[in-house]
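> Just lifted these from Swiss-Prot, have a look:
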TOPO_DOM  1-26  topological domain 'Mitochondrial intermembrane'
TRANSMEM  27-48  transmembrane segment
TOPO_DOM  49-62  topological domain 'Mitochondrial matrix'
TRANSMEM  63-82  transmembrane segment
TOPO_DOM  83-228  topological domain 'Mitochondrial intermembrane'
BINDING   HIS161, CYS196, CYS200, MET207  Cu cation A1 binding site
BINDING   CYS196, GLU198, CYS200, HIS204  Cu cation A2 binding site
BINDING   GLU198  Mg(2+) binding site
Amino acid sequence: MSTWANLGLQDSASPLMEQLIFFHDHALLILVMITVLVGYLMFMLFFNNYVNRFLLHGQLIEMIWTILPAIILLFIALPSLRLLYLLDEINEPSVTLKSIGHQWYWSYEYSDFNNIEFDSYMIPTNELTTDGFRLLDVDNRVILPMNSQIRILVTAADVIHSWTVPALGVKVDGTPGRLNQTNFFINRPGLFYGQCSEICGANHSFMPIVIESVPVNHFIKWISSNNS
């Protein structure tokens, strides 16, 4: 989750989020290099009166400022396109989770084993325990196995919602009458927090998401206990 005074991205908990962070750093490095170059050129123009004194035409410099941006755009576009295809790729899932957005809570369905359904509401501030997180904790967490391919299907029952967990690099719109899907791979245990990221009404900020990532054997025990 995002902690106090955290100015960067959240720590990743999935390979896709790691790739997103790498691309962010890659693009930021290119932007810093461009900023330094432009700043240096502006400094030279301001404080050197003779740099262009005999410049009548500049075919070479025009070639440079045409070709160089094209090369820079390629260095940004190729990793970006690769990442876009990786984000859309659906691998063979071990578990499928269905998430349905409502005003203003989430409901979940596990249908791979037998039908397990539950609603997940935000815990009000006056009912929070001392170690709870305000506006982020829920009464029923989503339990998912770590080191497994997870597919999530997202839809909505009323208005457009968006199921978002930043640590996993996942953001899927939930649209009434439409079923959207994506996949992710959780590579460490823990609690991962998210929120609805599409303005959906008065209590939009009161429908958080909590994923509890557990080892596979604990997940099987949880499924078995819910079956019984």
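From the backbone N, Cα and C atoms, a Cβ is placed for every residue, glycine too.
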> In whole Å, how far does the CA atom of HIS161 (Cu cation A1 binding site) lie from that of GLU198 (Cu cation A2 binding site)?
5
> Taking just the CA atoms, what is the gap between GLU198 (Cu cation A2 binding site) and MET207 (Cu cation A1 binding site) in Å?
11
> Are there any residues in the same chain, six or more apart in sequence, whose C-beta is under 8 angstroms from the C-beta of CYS200 (Cu cation A1 binding site), and if so which?
GLY101, GLN103, TRP104, VAL159, ILE160, HIS161, MET207
> In the topological domain 'Mitochondrial intermembrane' (83-228), how many residues does DSSP assign to helix, to strand and to coil?
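Here the numbers are 27 helix, 64 strand, 55 coil.
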> To the nearest whole angstrom, state the Cα distance for the pair CYS196 (Cu cation A1 binding site) and HIS204 (Cu cation A2 binding site).
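So the Cα of HIS204 (Cu cation A2 binding site) lies 7 Å away from that of CYS196 (Cu cation A1 binding site).
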> Give residue numbers and ranges for long-range contacts of the topological domain 'Mitochondrial intermembrane' (1-26): same chain, 6 or more residues beyond its ends, CB-CB under 8 A.
76, 79-80, 83, 86-87, 133, 136, 166-170, 184-188, 190-193, 213
> Can you name every residue in this chain, apart from CYS196, GLU198, CYS200, HIS204, with its Cβ inside 8 Å of the center of the Cβ atoms of the recorded Cu cation A2 site?
GLY101, TRP104, VAL159, ILE160, HIS161, SER162, SER197, ILE199, GLY201, MET207
